[in-house]
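K.L.:
Not my notes, these are from TrEMBL:
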{"type": "DOMAIN", "residues": "1-394", "note": "domain 'Major facilitator superfamily (MFS) profile'"}
{"type": "TRANSMEM", "residues": "6-28", "note": "transmembrane segment"}
{"type": "TRANSMEM", "residues": "40-58", "note": "transmembrane segment"}
{"type": "TRANSMEM", "residues": "70-87", "note": "transmembrane segment"}
{"type": "TRANSMEM", "residues": "99-117", "note": "transmembrane segment"}
{"type": "TRANSMEM", "residues": "123-144", "note": "transmembrane segment"}
{"type": "TRANSMEM", "residues": "208-231", "note": "transmembrane segment"}
{"type": "TRANSMEM", "residues": "243-263", "note": "transmembrane segment"}
{"type": "TRANSMEM", "residues": "270-292", "note": "transmembrane segment"}
{"type": "TRANSMEM", "residues": "304-329", "note": "transmembrane segment"}
{"type": "TRANSMEM", "residues": "341-360", "note": "transmembrane segment"}
{"type": "TRANSMEM", "residues": "366-390", "note": "transmembrane segment"}
Amino acid sequence: MDDLGLSIAEYSVFASIMIFGGMIGALISGKVADIFGRRTTMWLSDLFFIMGWCSITFGKRAWWLDAGRLLMGVGAGIQIYAGPIYISEVTPKNIRGGFVAAASCTLTLGFSLVYYIGNNMSWRTLALVGAIPSFIQVLGVFFIPESPRWLSKIGLEKEVEASLQRLRGENADISTEAAEIKDFTETVQQHSGSTFMDLFSRKYARPLIIGVGLMALVQLGGTNAITSFASSIFRAAGCSADSASQVMAVLQLPFAVASIILTEKAGRRLLMLVTSAGTCLGCLLVALGFLFKGYHPSAELTSSMVYTGILLFSISFTVGMGGTPWIIMSEILPINIKGSAGSLTALINCFTSWIVSYAFNFLFEWNAAGTFFLFAFFCGSVVVFVAMLVPETKGRTLEEIQASMTLLR
């Protein structure tokens, strides 16, 4: 703001425009991944990230910064779909969840790392540093095999076997897995249409409801608001914003690693039930802390309850509620609707994230306790939603999961 003389309004646009870019990226991600493949789609997202970071690094006017954030949003909207889908399609069933969870773990690591180095360098240098991972991946993506399930979808049977052989090892017997992928792909395509409206047919109702419902409820639980405005929340409660934010960032790392193990050991369903209950309890503690602020003379009670509640929310979200919905989404959507359904779920994720981010400051200023009671309600709704609708997918092939979720007969 100081270097370029930005107004508060200009800074607000800079902060929020990335989510609009995310909506654009989410809308095109599924179609692009279906037409050009998972590898090319990830490569494309890296190009958007690189262009975005460079626009910010060398920006001379506010519109340069806005254009950079918009481009990065498009890249993020593509990547949040293409990344989990690719990982789930190339990994064996016994470690699939752990690998997708590992992607969430590295995301947490990146946030924590940038938080610390960002305090010791200029914003332009920080933007340039942010482009480094994308430069690495834009080259590295050429050295990884394409998804065998996407190759099967477009009829490249020899390439399916070659991809599986690279993924499983030279001496591995991939004949059974290749046959299962081929048979299921053929069965799905024989019973399926390919238009966007086919997505809303009865046979796909359950996977679509689960995908869209999880994305919406998790975001409405307040994660984006708590992540973005943690310092403001801590200050309002009378906590030291800097030290509390640092503790939150450090605590996330070991629990992010734990999520990789727990995803396969405990299973997706149980992990979602426990961690969504944890986020609900965390929001209730924060809400009660702000509620007691007006009645209890001691400021320490409010600060302690808010501090504990935010940390509990952060830990619970990191362990399961943050990454597990993406694992489930990547597993339950049949290959023939994965593009359109994946785009829809990613769009819902971005849209609800924007609603929460935009409305939070108004709600928080109006009634801090009421805001977190509302977040607690949605987190509690996740528990009920998962208990009623979400199946366990641990230890099952994608073909087994998707056949049980859709009505193909």
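Note that Cβ sites are derived from N, Cα and C of the backbone, with glycine treated the same way.
TrEMBL labels come from automatic prediction, so no person has curated them.
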K.L.:
Need a quick answer: max count of Cβ pairs under 8 Å to the transmembrane segment (304-329), which of 6-28, 70-87, 99-117, 341-360, 366-390 is it?
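P.N.:
Looking only at 6-28, 70-87, 99-117, 341-360, 366-390, the most contacts with the transmembrane segment (304-329) come from 99-117.
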K.L.:
Tell me if the transmembrane segment (208-231) touches the transmembrane segment (366-390). I count contact as 3 or more CB pairs below 8 A, with pairs 6 or more residues apart.
P.N.:
yes
K.L.:
Sequence gap of 6 or more, Cβ distance under 8 Å, 3 or more pairs: do the transmembrane segment (123-144) and the transmembrane segment (40-58) meet that?
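P.N.:
They are in contact.
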K.L.:
What average pLDDT is reported by the model for the domain 'Major facilitator superfamily (MFS) profile' (1-394)?
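P.N.:
Over the domain 'Major facilitator superfamily (MFS) profile' (1-394), the predicted model scores a mean pLDDT of 86.
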